[in-house]
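Residues or ranges marked as disulfide bond by Swiss-Prot: C9-C265, C90-C168. Residues annotated as N-linked glycosylation site in Swiss-Prot, with sequence analysis given as evidence: N164. Swiss-Prot lists 157-172 with the feature region 'Extracellular loop 2 (ECL2)'. Residues or ranges marked as site 'Required for activation' in Swiss-Prot: E145. If you look up Swiss-Prot, you'll see H159, H165, H276 marked as site 'Proton sensing', on the strength of experimental evidence. The topological domain 'Extracellular' annotation in Swiss-Prot covers 1-8, 81-85, 157-172, 252-267 and rests on experimental evidence. According to Swiss-Prot, the topological domain 'Cytoplasmic' annotation covers 46-49, 122-129, 212-215, 297-353, on the basis of experimental evidence. According to Swiss-Prot, the transmembrane segment annotation covers 9-45, 50-80, 86-121, 130-156, 173-211, 216-251, 268-296, on the basis of experimental evidence.
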Amino acid sequence: MSNFTPDACNVDSGLDSVLPPSLYALVFTLGLPANLLALWAAWLQVRKGRELGVYLLNLSLSDLLLICALPPWTDYYLRRDVWGYGPGACRLFGFVFYTNLYVGAAFLSCVSADRYLAVAHPLRFPGARPIRSAAAVSALIWMLELAANAPPLLGEAIHRDRYNHTFCYESYPLSGRGAALANVGRVLAGFLLPWGVMMLCYAGLLRALRGSASCEQRERRRVRRLALGLPCVALLCYGPYHALLLLRSLVFLVGGGSVDAGGGCALEERLFPAYHASLALATLNCLADPALYCLACPGARGEVAKVVGGVVAWAMGKERRAWGERGGNGRGCGEGEEVGMVELRGNGREFVV
């Protein structure tokens, strides 16, 4: 079933067929292999009994779920906000997409908190960081996020208007006061709370590093980059979308919570292109997370390098065989030139904090 909105705002979908599909295609193409590799590397950390690997594994899993939901949303934007897969698919892909935006933010804050406890209080909270505790925290996050994002599944998934839009999981103006209040809650609990935790952990890590004489300068820089990178990535990726979502919701509530088109539509129509662009920008977090993983687990970089080196070696070996079958010299290069096969390895040391 769908809901027809007779007094809908006349939003312009002209830019929707350009920026969001381009970003989604980029995230899908690069993010899928990167997060599969990060998922495998995080699993290796879990097998070694490292609690940080649990959070990174769940972060990669969340990113992969979001990435897998992108193809139908790409088609939605290419059609200029016309959902063509029915209300059931809209609920499914909308739920997966929006839930994993907030699951990702929650696990970024877990990584920050874990690094803070490891550096600032390694002996004071020994029971807070075993792998079973990390698994319990992860399960709690999934349950809370799934429950918090479930209510929209019970309402109307699709909203049609007289401007030939078939919106999925969104409407312009907002569908009611309850939706506006829920949006404010998402901004506060789903974005600002995790981001605040990251900032507090960053400040605490800086204090702990200044007071530590045993930590090498190189490791100080790495921990500092990780501690700053987490809140910066969250702010740059999630911040614009949540700022516009909060603005839309507050204006709607201040205006009396009416769904009638009127003064509120002027704001909705102005914000619409930036709002959809900011939502697409939020998915770039799926590309940043694997890079942050390498900062969080320097020992795993060698494992990742081995896989990449193996793939490169396999590809180059395949090219050599193909060249030989075509009558070449079997080297895969020109005459008198050989390929130097480089085996990529880690630096042989790990710094576990």
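Sequential numbering from 1, following the chain as shown.
Glycine too: its Cβ is placed from the backbone N, Cα and C atoms.
Non-local neighbourhood of H165 (site 'Proton sensing'): A8, V11, S13, R80, D81, V82, H159, each in the same chain, at least six residues away, with C-beta under 8 Å from its C-beta. The largest share of C-beta pairs under 8 angstroms with the transmembrane segment (86-121) comes from 50-80, of the ranges 50-80, 130-156, 173-211, 216-251. A helical conformation is recorded for C90 (disulfide bond) in the three-state DSSP classification. DSSP labels the residues of the region 'Extracellular loop 2 (ECL2)' (157-172) in these numbers: 0 helix, 7 strand, 9 coil. Counting only the Cα atoms, the space from C265 (disulfide bond) to N164 (N-linked glycosylation site) is about 17 angstrom. In this structure the C-alpha atoms belonging to C9 (disulfide bond) and N164 (N-linked glycosylation site) are separated by 12 Å. Most Cβ pairs under 8 Å with the transmembrane segment (130-156) belong to 50-80, among the candidate stretches 9-45, 50-80, 216-251, 268-296. Residue counts of the topological domain 'Extracellular' (81-85) by helix, strand and coil are 0 helix, 1 strand, 4 coil (DSSP-based). Looking only at the topological domain 'Extracellular' (252-267), the predicted model's pLDDT averages out at 69. Of all the disulfide-bonded residues listed here (C90, C265), it is C265 whose C-beta has the fewest other C-beta atoms within 10 angstroms. Counting residue by residue with DSSP, the topological domain 'Cytoplasmic' (46-49) contains 2 helix, 0 strand, 2 coil. Distance from the CA of E145 (site 'Required for activation') to the CA of C90 (disulfide bond) is 19 Å.
Only residues 6 or more beyond the boundaries of the topological domain 'Extracellular' (81-85), in the same chain, are considered here, and those with a CB under 8 A from a CB of the stretch are 11, 13, 16, 72, 75, 93, 158, 164-168. The recorded positions listed here (N164, C168, H276) include no residue with a Cα within 10 A of the Cα of E145 (site 'Required for activation'). Looking at C9, C168, the disulfide-bonded residues in this record, the fewest other C-beta atoms within 10 angstroms of the C-beta turn up around C9.
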